[in-house]
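Summarising the annotation, Swiss-Prot assigns N-acetylalanine to Ala2. Annotation comment: Swiss-Prot describes Cys52, Cys55, His90 as Zn(2+) 1 binding site, evidence class similarity to another entry. The Zn(2+) 2 binding site annotation in Swiss-Prot covers Cys63, Cys66, Cys78, His92, and the record cites similarity to another entry as its basis. The annotation zinc finger is assigned in Swiss-Prot to 63-108. For Cys85, His87, Cys104, Asp107, the entry in Swiss-Prot reads Zn(2+) 3 binding site, with the evidence type similarity to another entry.
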Amino acid sequence: MATLDSDVTMIPAGEASSSVAASSSNKKAKRFEIKKWSAVALWAWDIVVDNCAICRNHIMDLCIECQANQASATSEECTVAWGVCNHAFHFHCISRWLKTRQVCPLDNSEWEFQKYGH
């Protein structure tokens, strides 16, 4: 039996009848029991970068170039590119950036592709 708070006690499903006797021996009655708990989880990419630092869109959304051409662009074409510095950008954004500068936009280290794709 795990106590979360002084007023709340979680009781596993099989121990409900034995805990009635135990709780009757306690002088202070509990306010409520949790009989069922449905946990919810959220899945996310295991990367620290949530937004592309160049276009400021979420890294898993379309970049601004693909949003402008949304009729012809698909999410498969708008992929993520990682550098050896572990910074991630939309491939279209970093490609445009690399035409003028061969460095990472965030740490100014020489850019080299580490990984490309979803």
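Using the three backbone atoms N, Cα and C, a Cβ is placed for every residue, glycine included.
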Summary of DSSP states over the zinc finger (63-108), given as helix, strand and coil counts: 13 helix, 8 strand, 25 coil
Can you give me the average pLDDT across the zinc finger (63-108), rounded to a whole number? 87
Could you tally the C-beta atoms, other than its own, that fall within 10 angstroms of the C-beta of Cys63 (Zn(2+) 2 binding site)? 26
Residue among binding-site residues Cys78, Cys85, His90 with least C-beta crowding, 10 angstrom cut-off: Cys85
Rounded to the nearest angstrom, how far is the Cα of Cys55 (Zn(2+) 1 binding site) from the Cα of His92 (Zn(2+) 2 binding site)? 10
Hey, of Cys52, Cys55, Cys85, His90, Cys104, Asp107, which of those binding-site residues are within 10 Å of Cys63 (Zn(2+) 2 binding site), Cα to Cα? Cys52, Cys55, His90
Quick one: of the binding-site residues Cys66, Cys85, His87, Cys104, which has its CA closest to the CA of Cys55 (Zn(2+) 1 binding site)? Cys66
Which one of these binding-site residues has the most other Cβ atoms within 10 Å of its own Cβ: Cys52, Cys55, Cys66, Cys104? Cys52
Filter the binding-site residues Cys66, Cys85, His87, Cys104 down to those whose C-alpha lies within 10 angstroms of the C-alpha of Cys52 (Zn(2+) 1 binding site); answer none if the list is empty. His87
Row His92 (Zn(2+) 2 binding site), column other C-beta within 10 angstroms, all chains, value 21
With a 10 Å radius around each C-beta, find which of these binding-site residues (His87, Asp107) has the fewest other C-beta atoms nearby. Asp107
Which of the three DSSP-derived classes (helix, strand, coil) applies to Cys52 (Zn(2+) 1 binding site)? coil
Please name which of the binding-site residues listed here, Cys66, Cys78, His90, is nearest in space to Asp107 (Zn(2+) 3 binding site), Cα against Cα. His90
